[in-house]
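J.: Let me give you the structure first, and then I'll get to my questions.
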Amino acid sequence: MSSAVLLLLVCGCALAVLSPVAYGAPMDTDDRPVWDSIRLCDIPNEPNPGQCMLPAECVAYGKINDVSSLSSIERFSFIKQIQCNGSDTVPYVCCPRDSDAYREPYVNETMVPKNRVASRIAFDADSCGIQSYVAKIRGGQLAEIDEFPWMAMLLYERDNNALTQGCGGALISRTYVITAAHCVTGKNFQQTKGRLKFVRLREYNIHTNPDCVYENDLKDCSDDMIDLVPQAVIPHPEYDSESSNQQHDIALIRIEQTPPFTDFLRSICLPEQNFESSATPGKKLSVSGWGRTDIFKDNLGPDVLSPIKLKLSLPYVEREKCSKTFRPWSFALGPGQMCAGGERAKDTCAGDSGSPLMSYDMKRAIWYITGIVSLGVRGCGVEGLPGVYTNVHHYLPWIKMYTGA
């Protein structure tokens, strides 16, 4: 493998640059599990089961996967419901076995609004790390409409042009968002990314506002998205944008106080202990954001960020193994960095730079921010090459100096 493929990057818009081998190309048939060819699944409005397969191999899916579909509640809800658990490493969709087209590619529900009052009063008004989302059997990389309500999208403006999404972040209090330092500062930063204009909260689908989905005979709509003006941008004082290892890649953005928390807006908890001190190799972590995915690749292209909030599960990689992996390229893992990923076609292309790496405490039913998407390799999901994240626990004293939390 050439050194160019393995070159560590600091990505301004998303974690890594896709390569066909790593993320875009279908798996060779010989690499697939035997059950993959007979995995059956349900398709809305069709009496016969479909087959779980790669989006690029489903002719019917190619006919409905376009930008206009993402603006239609009925069509987008259909696309969400045909996600399936064909593989743990790449997105799959349920494809008709006896036709090259879906019979009725939309979900026409009764449009009765979902009542969310009960879930809103079940939690303390300011509690962190809690979400109303309940895991469903259906798989896929598209997040649910109320999943990870602390996610933030950073919007940039250059030369008075339209706003562009560039990085992610996470709400950690009513007035602070945490992100990567390289998302807010650095050499020639404004020339390459533009000026940080807004922090967007309560976003799910950038093509609609408010965002709605049909599920279980109900129409579920989020609160309107909100764009908040940054009051102060605080990169870590030791961050050096020209450093090859990008240590201290962490920043805080102070915003005006958010509206009251709801199912669609809540902060994530800061870690109470160092995740690495008790984690076992392979322990699952989660990442979310508006990164890259094969779900919309054929229509939007491989290098376009997703308009829909994504999610992905990643394995923790122990420090010694990660350091050994990058040693040939003279990359030294700093005390404030950690690693995750490194499985084939499974890395944080789904999450923008600055997005949170999250851990879930099952006993307390609380989400914690463990890391921040920082460094990646050329090609998301290159087997054996994990992504590098800023370890949030290492910077707690610095964070609390500003937030007071």
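First residue shown is number 1, and so on along the chain.
Just so you know, glycine gets a Cβ as well, placed from its N, Cα and C.
Sharing the feature lines straight out of Swiss-Prot:
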ACT_SITE  His182  active site, charge relay system
ACT_SITE  Asp249  active site, charge relay system
ACT_SITE  Ser353  active site, charge relay system
DISULFID  Cys41-Cys94  disulfide bond
DISULFID  Cys52-Cys84  disulfide bond
DISULFID  Cys58-Cys95  disulfide bond
DISULFID  Cys167-Cys183  disulfide bond
DISULFID  Cys322-Cys339  disulfide bond
DISULFID  Cys349-Cys380  disulfide bond
CARBOHYD  Asn85  N-linked glycosylation site
CARBOHYD  Asn108  N-linked glycosylation site
SIGNAL    1-24  signal peptide
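Neighbours and distances for these, please.
T.: Within 10 Å of the C-beta of His182 (active site, charge relay system) we count 24 further C-beta atoms, all protein chains included.
In this view, Asp249 (active site, charge relay system) is surrounded by 30 other Cβ atoms within 10 Å of its Cβ, with every protein chain counted.
Residue environment of Ser353 (active site, charge relay system) contains 30 other Cβ atoms, counted within 10 Å of its Cβ in all protein chains. Mapped onto three states, the DSSP output places Ser353 (active site, charge relay system) in coil.
Its own atom aside, the Cβ of Cys41 (disulfide bond) has 20 Cβ atoms within 10 angstroms in the protein chains shown. The DSSP secondary structure for Cys41 (disulfide bond) is strand.
Using a 10 Å radius centred on the Cβ of Cys52 (disulfide bond) and all shown protein chains, the other Cβ atoms total 24. DSSP assigns Cys52 (disulfide bond) to a strand segment in the three-state reduction.
The Cβ of Cys95 (disulfide bond) lies under 8 Å from the Cβ of Gly50, Gln51, Cys52, Met53, Glu57, Cys58, Val59, Ala60, Tyr61, each of which sits 6+ residues away along the same chain. Under the DSSP three-state reduction, Cys95 (disulfide bond) is assigned to strand.
In three-state terms derived from DSSP, Cys183 (disulfide bond) belongs to a helical segment.
In three-state terms derived from DSSP, Cys339 (disulfide bond) belongs to an extended strand segment.
Taking all protein chains in view, 13 other C-beta atoms sit within 10 angstroms of the C-beta of Asn85 (N-linked glycosylation site).
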J.: Which of the three DSSP-derived classes (helix, strand, coil) applies to Cys167 (disulfide bond)?
T.: strand
J.: Would you find the one among the disulfide-bonded residues Cys58, Cys167, Cys183, Cys322, Cys339 whose Cβ has the most company, meaning other Cβ atoms within 10 Å?
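T.: Max Cβ neighbours within 10 Å, all protein chains included: Cys183.
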J.: In whole Å, note down how far the CA of Cys322 (disulfide bond) lies from the CA of Cys41 (disulfide bond).
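T.: With the alpha carbons as reference points, the distance is 38 Å.
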J.: For Asp249 (active site, charge relay system) and His182 (active site, charge relay system), determine the Cα separation and express it in whole Å.
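T.: Answer for this pair: 6 Å between alpha carbons.
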J.: Taking Cα-Cα distance, which of the recorded positions Cys167, His182, Cys322, Cys339, Ser353 are within 10 Å of Asn85 (N-linked glycosylation site)?
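T.: So the list reads none.
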